[in-house]
Amino acid sequence: MSEAEARPTNFIRQIIDEDLASGKHTTVHTRFPPEPNGYLHIGHAKSICLNFGIAQDYQGQCNLRFDDTNPVKEDIEYVDSIKNDVEWLGFHWSGDIRYSSDYFDQLHAYAVELINKGLAYVDELTPEQIREYRGTLTAPGKNSPFRDRSVEENLALFEKMRTGGFEEGKACLRAKIDMASPFIVMRDPVLYRIKFAEHHQTGNKWCIYPMYDFTHCISDALEGITHSLCTLEFQDNRRLYDWVLDNITIPVHPRQYEFSRLNLEYTVMSKRKLNLLVTDKHVEGWDDPRMPTISGLRRRGYTAASIREFCKRIGVTKQDNTIEMASLESCIREDLNENAPRAMAVIDPVKLVIENYPQGESEMVTMPNHPNKPEMGSREVPFSGEIWIDRADFREEANKQYKRLVMGKEVRLRNAYVIKAERVEKDAEGNITTIFCTYDADTLSKDPADGRKVKGVIHWVSAAHALPIEIRLYDRLFSVPNPGAAEDFLSVINPESLVIKQGYGEPSLKAAVAGKAFQFEREGYFCLDSRYATADKLVFNRTVGLRDTWAKAGE
């Protein structure tokens, strides 16, 4: 990351500054603790940038810890993708990767300690009964008939759970707190449940697995985390976080702080809904460029710097809000406008023949790779008497606001000649198949000698040298700003979220590599697709347009 990415300030950093100034802490130690049961999305990027960014700015440490307490939903595939995403965003964890499963022996010992203190019991209510006994926000819960078992009985039953003596769902370990608490999370929460499933790290060693709320706080303490940062939905869970640490023998007691999660327009962040999009094949996978996943954004052409900048701009607060998609798009547009080399590609091609150009000949035209950065150099682009232009760049008749090619009028070809449209050929349906023009041979990259003004400029690709390319025009996945609020979020999928075109690109695009963007002049920002592109088939994804067409449509 560059020094230009200035250090932000927010309420969490103010707390850290106070903790360091008062001597409460002498160093800063954070962590990013994803569950490996799916791919990370842009919301996780906010947490990654916060936790790793704080550690970086305060010369502290940030752990990457996988909260792997549910073997049924987790997979090593997700572990690998999360590691890749964190590193791609420009961060690296302190020391080795941690797993909550590293602490299973200690977690079990702490559970036994709670039983010995009379603060945990084995419950044999069914999961449905536990929900029923828990009560509601307006009605207190009621005690389980198994709540007052003796310490000895609970120890024996917990050991029976550990050794596979109960079937799944037939017993669990619960904290003994207060079934009348105004906070439902404190109404004897489950600490351990039974799952006969092979774990990707521990194999079949365990058939009981700790719950998140029991695991999370102890893992933080064991790792010496100073500031445990969570999103706002875990605010009530802080009471349980503190209760567990207050009631076990552990020397460190981290403090949890909550910040607002990232909500983004025109997409969904729910793992369940994202999974439904994938499994029902509404998208091509977790890395589909329309998905809000980090892997999807990367494949679409977003840069790590643009995502970090986005997370910096939206800031860290305690108030939930929804961020406009235009804010994210603005970050990548600014990044690529500054850094992407230019190239020419025609997305909706129509043939244009220059009738007075020397037949069968061609020449090289010099073009800058970036109009404002001479240090990025230039390239030689072939020009000939037959070229492709975009169909939208020609009209037989047009008003004065139309600054492109019109029958009988002139336009400049980018970095080449001034041409004049003379006639067209059409097919049986009346569609234009060829535009015939003449050119002014004395206007190569300069104005006409007689002083006439030619205002319009269009891009082109020499037909004899053109590379056939597939162009995937990606757009917002949903047609409404808040698809999650729809009765059926699948019903508001944008039918135009992917339009595939067959076009032509200039020869320099043969050297394109996945992850490196171009500005296709006058069209937008594009990158080579990492899945479908091959040496024989160039496939480009539209990352973002040159301007926000959604804002214009909403005016």
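Just so it is clear, glycine is given a Cβ too, placed from its N, Cα and C backbone atoms.
Model, not experiment: these values are computed from the prediction.
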Inset, instruction - Examine the ranges 268-272, 283-287, 533-537 and name the one recorded by Swiss-Prot as motif ''KMSKS' region'. - result: 268-272
Legend entry - motif ''HIGH' region' per Swiss-Prot - which of 23-33, 34-44, 144-154: 34-44
Inset, instruction - When you get a sec, could you say which of 197-204, 317-324, 373-380, 445-452 is annotated region 'Interaction with tRNA' by Swiss-Prot? - result: 317-324
Legend entry - Structural state census, the region 'Interaction with tRNA' (317-324) (DSSP three-state): 0 helix, 2 strand, 6 coil
Legend entry - Cβ packing number for Asp67 (L-glutamine binding site), 10 Å threshold: 19
Legend entry - Cβ-Cβ under 8 Å with the region 'Interaction with tRNA' (317-324): same-chain residues at least 6 beyond its ends: 10-11, 232, 258-265, 481-482
Inset, instruction - Let me know the DSSP-derived helix, strand or coil state of Glu35 (ATP binding site), please. - result: coil
Inset, instruction - Using C-alpha atoms only, work out the spacing between Thr231 (ATP binding site) and Tyr212 (L-glutamine binding site) and round it to an integer in Å. - result: 14
Legend entry - DSSP state at Lys46 (ATP binding site), helix/strand/coil: helix
Legend entry - the motif ''KMSKS' region' (268-272): DSSP-derived helix, strand, coil residue counts: 2 helix, 0 strand, 3 coil
